[in-house]
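Below is one structure, written out as structure tokens; comments come after it.
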Amino acid sequence: MAEFPSKVSTRTSSPAQGVGASVSALRPDLGFVRSALGVLALLQLALGLLVWALIADTPYHLYPAYGWVMFVAVFLWLVTIVFFIIYLFQLHMKLYMVPWPLVLLIFFVAATVLYITAFIACAAAVDLTSLRGSRPYNQRSAASFFACLVMIAYGVSAFFSFQAWRGVGSNAATSQMAGGYS
């Protein structure tokens, strides 16, 4: 049986040095907020919040169509927040192995398709579920309108993401230096 050595050499290091360096590097990139992708993300967040807040303030659980609208609106709102934070703090530069233009393209196309279905479901169910002119009717009508606007915003983002993925209007060096957003 092997015996343990009587002496073991160990090294210690301070974990605070590594943590402090990585935390200080997380500074918000205000250029992203001014970019087309940043402005569209803020628009998607604001309008998406309006969609699910307006639906949530009505008895939506009684109607399956509004359950779908709530799922789409809340899920895409949360995922958009995650992508917004990733790009705001330039975490996409640290996670360089992820093909971000392709990931965003897939997300925005999927979000556009999901919001098309949510908009159609929301708009089709408005007249069937509320008395015209009542508060739930007005809220659901407004939610349908904002769902249409969010759908358009995701569609525009999908178009810009497609251009970024294809590399239209830039070369690899400038798109890397610009952080991957227009």
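Backbone N, Cα and C define each Cβ position, glycine as well.
Annotation source Swiss-Prot lists domain 'MARVEL' at 32-166, citing sequence analysis.
The phosphoserine annotation in Swiss-Prot covers Ser9, and the record cites similarity to another entry as its basis.
Per Swiss-Prot, topological domain 'Cytoplasmic' is recorded for 1-35 (among others).
Remark: secondary structure over the topological domain 'Extracellular' (57-68) totals 8 helix, 0 strand, 4 coil, with classes taken from DSSP. Residues annotated as topological domain 'Extracellular' in Swiss-Prot: 57-68 (among others).
Annotated topological domain 'Cytoplasmic' per Swiss-Prot: 90-99 (among others), in sequence order, evidence recorded as sequence analysis.
Proximity of distant same-chain residues to the topological domain 'Extracellular' (121-141), defined by a Cβ-Cβ separation under 8 Å and at least 6 residues beyond the stretch ends, is recorded for 51, 54-55, 57-59, 62-63, 65-66, 68-69, 147-148. As annotated by Swiss-Prot, topological domain 'Extracellular' applies to 121-141 (among others), with the evidence given as sequence analysis.
Feature annotation from Swiss-Prot assigns topological domain 'Cytoplasmic' to 163-182 (among others).
According to Swiss-Prot, the feature transmembrane segment maps to 36-56 (among others). Below 8 angstroms of C-beta separation, residues 66, 69-70, 73-74, 76-77, 80-81, 83-84, 87-88, 104, 118, 122, 139-140, 142-143, 146-147, 149-150, 153-154, 156-157, 160-161, 181-182 of the same chain, each at least six residues beyond the ends of the transmembrane segment (36-56), sit close to that stretch.
The transmembrane segment annotation in Swiss-Prot covers 69-89 (among others).
Within its own chain, the transmembrane segment (100-120) has Cβ neighbours under 8 Å at 37, 51, 68-69, 72-73, 76, 79-80, 83, 92, 144, 147-148, 150-151, 154-155, 157-158, 161-162, 164-165, 180, counting only residues six or more beyond its boundaries. Annotated transmembrane segment per Swiss-Prot: 100-120 (among others), in sequence order, evidence recorded as sequence analysis.
The transmembrane segment annotation in Swiss-Prot covers 142-162 (among others).
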Mean of pLDDT values spanning the topological domain 'Cytoplasmic' (1-35): 68
Other parts of the chain folded back onto the topological domain 'Extracellular' (57-68), taken as Cβ under 8 Å at six or more residues beyond its ends: 117-118, 121-122, 124-125, 129-130, 135-136, 139-140
